[in-house]
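Feature annotations, courtesy of Swiss-Prot:
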- 360: active site, proton acceptor (ACT_SITE)
- 8-11, 22, 73, 78-79, 99-101, 136, 151, 166, 224, 330, 348, 363, 374: UDP-N-acetyl-alpha-D-glucosamine binding site (BINDING)
- 101, 224: Mg(2+) binding site (BINDING)
- 377, 383, 384, 402, 420, 437: acetyl-CoA binding site (BINDING)
- 1-226: region 'Pyrophosphorylase' (REGION)
- 227-247: region 'Linker' (REGION)
- 248-455: region 'N-acetyltransferase' (REGION)
């Protein structure tokens, strides 16, 4: 079975009170539409067709990709009209219709729905609700067959008592779709062409309307305002927390933990409160992450410890290494096995060898640090000359005294030492001491200034 997917994403979202198109509002660091596209791709369709309207340029700019076909709906005349705009591009046997503001839909749910489709049967995703206000109602005949969907505003009191709601998500045999869309009318309370009207047409044409339901009603929850958006965010985060805990992660408080990307975890990982994981993060076995940390696009090898209030981005932390508290590792930072980065240390494009130590109050940028080298407090690499970046290279077993300025490009070779307070501008040979500071003078008879009285 070949598959085309149509994603409706043309709505304005006035209740968001935002210049940003509704479908671009984020859930867990990705736009709502981005989540839907991600799910659609996992179904391996022949084509993904995104119907856009309000804020079309912004949607294209943020989400443009070779596998997406953007279709313009100039006037928002209803869901049926929106799907009709994509008709000329549809070539597959089956068409699945999704919504750009329903980001939590699970691929497993969509797969079950697609299994219900054949040339004489379409699949409709419905949901059981305690309060179906606002949802179209699923109308069944005396044999429990779906015969129509009635929108809430058009429903009678008896129909409003129905608790089975329409999610809007359906999969249909493509051979019938053009005919059904061509027969739609806008003779309703909204004056729109409802996609839901094709259900009654299908039933009247003798097709079976087979229904599926999500395991979790929040899968089909959309967001029309900021409150609903926050509810989707919290539900997504709790879902991710449950997934990670099932994989062997201890979360001190699942309600105070956020995932905003893709996280791969090992076993016996401990994550404290207020930790944010962004982008692609790999966390191997026995890692400990302290409170209030942000980790983005990074890999933490087995046994890594990240202490409180650290920010790690684009970094690789080797087995048994540690960072923090209050450490900042910027993109390109690599810690070798058992390397140590302490409090108020910032690394950028710096490679620390196995067992290297940078204890505190240090900046290392564009630097190669050898194994077992120790960097004293207050050391900085002066790597930028105002136009270009330059590299600092320290060999193995180097000892850098406190309050050093290492003016790049400079090499300090194996076993060398630099004296505290030095400004190193020349290479230091192996096993030698580099001293680059003014000689101290003690002035005999010097008197400390006395404060002048204002009287």
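Using the three backbone atoms N, Cα and C, a Cβ is placed for every residue, glycine included.
Local packing around the Cβ, expressed as the count of other Cβ atoms within 10 angstroms, is greatest for 101 among the binding-site residues 101, 151. Broken down by DSSP into helix, strand and coil, the region 'Linker' (227-247) contains 20 helix, 0 strand, 1 coil. Neighbour count (other Cβ atoms within 10 Å of the Cβ, all protein chains): 18 for residue 374 (UDP-N-acetyl-alpha-D-glucosamine binding site). Here the binding-site residues are 8, 377, 420; the one with the fewest Cβ atoms within 10 Å of its Cβ is 420. Most Cβ neighbours within 10 Å among the binding-site residues 224, 383, 402: this distinction goes to 383. Within the same chain, residues at least six positions away from residue 100 (UDP-N-acetyl-alpha-D-glucosamine binding site) with a Cβ under 8 Å of its Cβ are 7, 8, 9, 11, 22, 23, 32, 33, 36, 50. Between the candidate binding-site residues, 11, 78, the densest Cβ environment within 10 Å is the one around 11. On the 0 to 100 pLDDT scale, the model's mean across the region 'N-acetyltransferase' (248-455) is 98. Taken residue by residue with DSSP, residue 151 (UDP-N-acetyl-alpha-D-glucosamine binding site) is part of neither helix nor strand, so it is coil.
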